Amino acid sequence: ARCEQCPSYCCQSDSPPECDGCE
């Protein structure tokens with residue numbers, strides 16, 4: 001998924017594992 005489609009914290013370099021696939 002694109003970063004814009006994920007929670008804003010997933011856009012950060014230190015995003016947690018549940019953000020995997022969001023870039």
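Every residue gets a Cβ built from N, Cα and C, even glycine.
Note that the structure is predicted; figures quoted are calculated from it, not measured.
Now, the feature entries from Swiss-Prot:
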{"type": "DISULFID", "residues": "CYS3-CYS11", "note": "disulfide bond"}
{"type": "DISULFID", "residues": "CYS6-CYS19", "note": "disulfide bond"}
{"type": "DISULFID", "residues": "CYS10-CYS22", "note": "disulfide bond"}
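Feature map: Swiss-Prot annotations on the structure.
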| residue | record | Cβ within 10 Å |
| --- | --- | --- |
| CYS3 | disulfide bond | 14 |
| CYS6 | disulfide bond | 16 |
| CYS10 | disulfide bond | 17 |
| CYS11 | disulfide bond | 14 |
| CYS19 | disulfide bond | 17 |
| CYS22 | disulfide bond | 16 |
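DSSP gives CYS11 (disulfide bond) a helix state.
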